Amino acid sequence: MATASMAFKSREDHRKQLELEEARKAGLAPAEVDEDGKEINPHIPQYMSSAPWYLNAERPSLKHQRKWKQDPNYTDKWYERGAKIFQADKYRKGACQNCGAMTHDAKSCMERPRKKGAIHTNMYIAPDEKIETFELDYDGKRDRWNGYDTSTYARVVDRYEARDDARRNHLKEQQLKKLEEKSNNQNDEAAAVAEVSDEDEDDLRVDEAKVDESKQMDFAKVEKRVRTTGGGSTGTVRNLRIREDTAKYLLNLDVNSSHYDPKTRSMREDPNPDTDPNEKFYGGDNQYRTSGQASEFKQLTMHAWEASEKGQDMHMQAAPSQAEFLYKNFMISKDKLKTKTKDTIMEKYGNAATDEDIPRELLLGQSESQVEYDRAGRIIKGQEMAIPRSKYEEDIYPNNHTTVWGSWWKDHQWGYKCCKQMIRNSYCLGIAGIEAAEEAIDHMKANIARKEATEEVPVAAEEKKLAPWGTDVPEDQVLDPKRLNEALRKFDDNLLGPYQGTMEDERKREERDERKRKYNVKWNDEVTAEDMEAYRMKRTHHDDPMKDFLN
């Protein structure tokens, strides 16, 4: 709000002032008026609307924001084009030697060069041009529209109007011709049907010239809004904001459909993925990510990253032009290197896809030594080129074979192709050997099939286990007497108390005791047949009436 002075205000006055400003901004109160009777926009900040203290402004005003230094004449006056001031009768010293004007020299003369200049003929002296000087400021010197005559644009408008009139008259003539043809061929039904179809096709074509003039007038119609204190008078063209297409976020109203980001106005996924692609005009923003120059920009960015990692001073955001220039040079060098490598390989090994014969030098070897021949083909200078030989034996057919070893490959084995044998020192049997090998294979396959057909499920072998406790010992079991005596002695030692026997026996009992044995003591907890026999012999039978006499 514009204020006239910075006088002290009480708290109540300050509160009323704030309420008044809010009401003016909301359009509930009339706007403030300056000394010229113009309304002041209440949305202007106070630091802009308040006048400085040294101006002693008594009323609110915006004069301190207006330009008070006016340029003298650079906007009102301009050079008079083609103005003449004086025409002499005879040639004057220092004038143009071509036309005789004093305002320019022969080098800058704009007239056609005469066969004999005015300095020699002293005739047809051209008048002097009017030369004006303007003192323009910084903006005046750089004003590109300074001195422009707006009335000259009327010729452009007239030319476009004449073109529109000619087009309109041409269309009217065509319509009249069609009506005449239709009236002449009215009796002919076939001709009438054809004419109607032609008219339907013409109606389908959209042409700017066929738009109704009333619609064109409506398009240019400006509807002004009611003047408000806050917004002022604004004008809007009527049809500019009429959109016939549908917003992307309204194509699919399902909540679980593609996400729309209102901040960036982006919808990456396709809102209608099940629709025919030929019928929909929008398929998500992702369809444009790989179109156009997006892939080229991606390659450029990746090249900049790789170059910076390898130590080259290249940054896509800091110096994009340099990065693009270096990338182009890199691609050119890469293509040249690829072409050079291809040409080198083609020159060295040839191209099997072409019909050109491979040079004899490549077939028989290559060398940089110079060899000269005479007309008879004898060597005059240099040595004959040696034929390269393989490290393997060539053209050797042992044991009546007709092919070399290694000409046949089957089941990861090399052999002879003539008889298909895999043994290198074998004798060639020819076709008979091939037939015998095939018969052996067929016989082996038949045996395998016969075995699979007659094969029975094998009976599971019974595991031989030791007799459990409380059972009799099998008759076929053979016990070792020494191991049995050792097992009986161990059993007796376990029955004795810990304080009976010598110190050595006590140490052995400690070693046998699971709770006292050391970490590195060998321990075998397997129960043997001798241990079971010793247990059966020494155990106490509670139902035995003679158990008391055993000890």
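Each Cβ is built from the backbone N, Cα and C atoms, and glycine gets one as well.
Since this is a predicted model, take the numbers as computed values, not measurements.
What TrEMBL records for 260-271 (among others) is compositional bias 'Basic and acidic residues'. Beyond its flanks by at least six residues, the compositional bias 'Basic and acidic residues' (260-271) meets 248-249, 251-252, 282-287 of its own chain at Cβ-Cβ distances under 8 Å.
The annotation compositional bias 'Basic and acidic residues' is assigned in TrEMBL to 504-516 (among others).
Summarising model confidence by region, the domain 'Pre-mRNA-splicing factor SLU7' (136-407) averages a pLDDT of 78. Marked as domain 'Pre-mRNA-splicing factor SLU7' by TrEMBL: 136-407.
For 179-203 (among others), the entry in TrEMBL reads region 'Disordered'.
Here the region 'Disordered' (257-289) has long-range neighbours at 245, 248-249, 251, meaning same-chain residues at least 6 beyond its ends whose C-beta is under 8 angstroms from one of its own. TrEMBL lists 257-289 (among others) with the feature region 'Disordered'.
The region 'Disordered' annotation in TrEMBL covers 495-523 (among others).
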